[in-house]
Amino acid sequence: MKFENKFENINDIGKGKKYMIFTYGCQMNEHDSEEIAWILENMGYSPAINKEESNLIIFNTCSVRENADLKVYGQLGALKALKREKPDLTIAVCGCMSQQESVRNFIMDKFKHVDIIFGTNNIHKLPQLINNHLQTGETVVDIVEESREIVESIDSHRKYDFKAFVNIMYGCNNFCTYCIVPYTRGREKSRKPESILKEIETLAEKGYKEITLLGQNVNSYGKNLKNPYTFAQLLRDINKIEGIERIRFMTSHPKDLSDELIYAMRDCDKVCKHLHLPVQSGSDKILKNMNRKYTKENYLELVKKIKTEIPDIALTTDIIVGFPGETEEDFEETLDLVKKVRYDSAYTFLYSKREGTIAAKQEEQVPEDIKHKRFQRLLDTLYPISYEINSSYIGQTVKVLVEDISKNDETVLSGRTDSSKLVHFKGNKELIGTFVDVKITNVKTFTLEGHIV
Ligand code: SAH
Ligand code: SF4
Ligand code: F3S
C-alpha cells in the first residue's frame, strides 16, 4: 500500500529508523498494534530491540481500569530523560486513553515530550501524522470520535504466523454503566462478511490455522449491515474455509447469545468448544444497575441450554467485585452463581471508577477494604472449581496447537487445547505452529502438564 500525500512522498520516512510499540489492554488493542506495525514497516521503519535505539516509540493504551492509565503515565514519565538525550526521538500515544479529552489534556499538560496523540479510530492516518510532526516539530493531535472507518487496505504485521486476530466489528453500543469502552471505541459497526471471509481465506492460503474473531460484542455482529447476516452465519461460512482448523471469538454478551449461535457452535467442527461469557455479577439489582439487560436466572438458563447442546463446552467469564451499591447479599449471589455455573476460569476485577461513565456518578462506592476481602473470597471460590475441572483432564490425550517455548526452559513448549487450556510439555521448538497430541499427567489451577504421544 502506498500512503498518499499531496506534497511529497512519505513512504520512505522510516528508512533506516527503528520503532517500538508498547501495547496495553485487550486483544483488540493487540491487533491494532499489529496494524500499526504493518503501517510503520511499509514506511521503512524496522523493529527496535530497546527504547535507546528507537527513533519512534508508540504507547497503545488502555483505559478500562485506573491501573491501566497509571502504568502508561509511569512509562511516559520515565521517557523524559531519554527524550532530553535524544531530541529527535518521536513519542506517540494512541489507543483508548487518547480518546478521552480529559486524559488527553492531562498528557499534553504533564508530558510535554509527547509528540503525537492519535486515537483508536484513525490508525490509517499515522503516516500523515508522523510526517506532520517531523515537518513542523509541533505536537500533533488527531482524534476521531466516530467509530473507526473501515479501511480494508490496511494489513497487519502479525505476531504469529499460524494464528491470527481478525476484527469483525468495531465499537460498542451497550453502555454498561461501569465501562469506558463505548466512549473510546465509538458506536458499533460491522465489517462486511465478504471482506472478513476474504481476509480469512488469504490467511488460510498463507498457512494460518487458527483465527480469533474480535469484537466487543460479537453476538450483535451484522445488525447494521444492509443485507441481513448474523454471527452464526459467519461462523458457518468460516467453518467451510479450507486450511483453517480452529475458530475462536471474543466477546459474547449474554443478552445477545441466540439459539442460532449455540447451534452453529455445536455444528461447526472447527469452532472451539470454549465460550467466554462475561457475567459481571450474580445479583439482579447490580446487573440492572450495570445495564446488562439480563438476570441471574436468564444467565443460568442460558448456561443450561449451552451445556445441553455442547456438553464438553469450557466456560469462562469476567466478574467485577465492588460495583457501587454492592452489598454482602449481592456479592453472595455472585458466589452462588459461580458455584452453579462452574467456570473453567474467570477474569476477576475490582470495580474501578471511570470518569465519564454513569456508575462513576453513583454515590454508594464500596470501601476499598471490603472490595479486597470480597475479591479474595471470589478467588477462593473460583480456584478449586478450576482445579477440579482441570483434574478431569488427567490421563486424557488432547490436541494442542503449539504456540511458544518457555521463557525459562527452551525444552518446554506451551500451547492450547480446543477448550483454550494452556498446556506445558517437553518438545522441540520446530513444533511451534503445528498440532500435537499431548497426554495430560499433571494439572494446576491454571495450566495442564503432559507429554507428547
Ligand atoms: N466487551 C467485552 C469486554 C469489555 S472490557 C465484554 O463486554 O465482555 C473487559 C472486562 O473488563 C469487562 O468484561 C469487565 O468485567 C471489566 N471492566 C470493564 N470496566 C470496568 C471497570 N470500570 N472496573 C472494573 N472492571 C471493568
Ligand atoms: Fe463495555 Fe459492556 Fe460494551 Fe463490553 S458490552 S465493551 S463491558 S459497554
Ligand atoms: Fe482497554 Fe480499550 Fe480494550 S479500554 S480493554 S484497550 S477496548
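Every residue, even glycine, has its Cβ placed from backbone N, Cα and C.
Bear in mind that TrEMBL entries carry predicted annotations, made automatically and left uncurated.
Annotated features in TrEMBL:
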BINDING   C26, C62, C96  [4Fe-4S] cluster 1 binding site
BINDING   C172, C176, C179  [4Fe-4S] cluster 2 binding site
DOMAIN    17-135  domain 'MTTase N-terminal'
DOMAIN    158-388  domain 'Radical SAM core'
DOMAIN    391-453  domain 'TRAM'
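Everything TrEMBL records as a feature, shown here on the structure.
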{"residue": "C26", "record": "[4Fe-4S] cluster 1 binding site", "contacts (Cβ under 8 Å, 6+ apart)": "C62, V64"}
{"residue": "C96", "record": "[4Fe-4S] cluster 1 binding site", "contacts (Cβ under 8 Å, 6+ apart)": "G25, N29, T61, C62, S63, V64, T120, I180, V181, T184, R185"}
{"residue": "C172", "record": "[4Fe-4S] cluster 2 binding site", "contacts (Cβ under 8 Å, 6+ apart)": "C179, V181, P182, R185, R187, E188, Q216, N217"}
{"residue": "C176", "record": "[4Fe-4S] cluster 2 binding site", "contacts (Cβ under 8 Å, 6+ apart)": "Q280, M290, N291, R292"}
Other residues, Cβ within 8 Å of C26, C62, C96 Cβ centroid ([4Fe-4S] cluster 1 site): Y24, G25, M28, N29, T61, S63, V64, A68, G95, V181, T184
Residues among the binding-site residues C62, C96, C176, C179 that border ligand 2 - Cβ under 6 angstroms, in sequence order: C176, C179
Any further residue of that chain within 8 Å (Cβ to the Cβ centroid of C172, C176, C179) of the recorded [4Fe-4S] cluster 2 site: N174, F175, Y178, I180, V181, P182, Q216
Candidates near ligand 3 among the binding-site residues C62, C96, C176, judged by a Cβ under 6 angstroms: C62, C96
Listed binding-site residues with Cβ under 6 Å from ligand 1, out of C62, C96, C179: C179
The domain 'TRAM' (391-453), counted residue by residue under DSSP: helix, strand, coil: 4 helix, 34 strand, 25 coil
Cβ neighbours of C62 ([4Fe-4S] cluster 1 binding site) where a neighbour is any other Cβ within 10 Å: 22
The domain 'MTTase N-terminal' (17-135), counted residue by residue under DSSP: helix, strand, coil: 58 helix, 23 strand, 38 coil
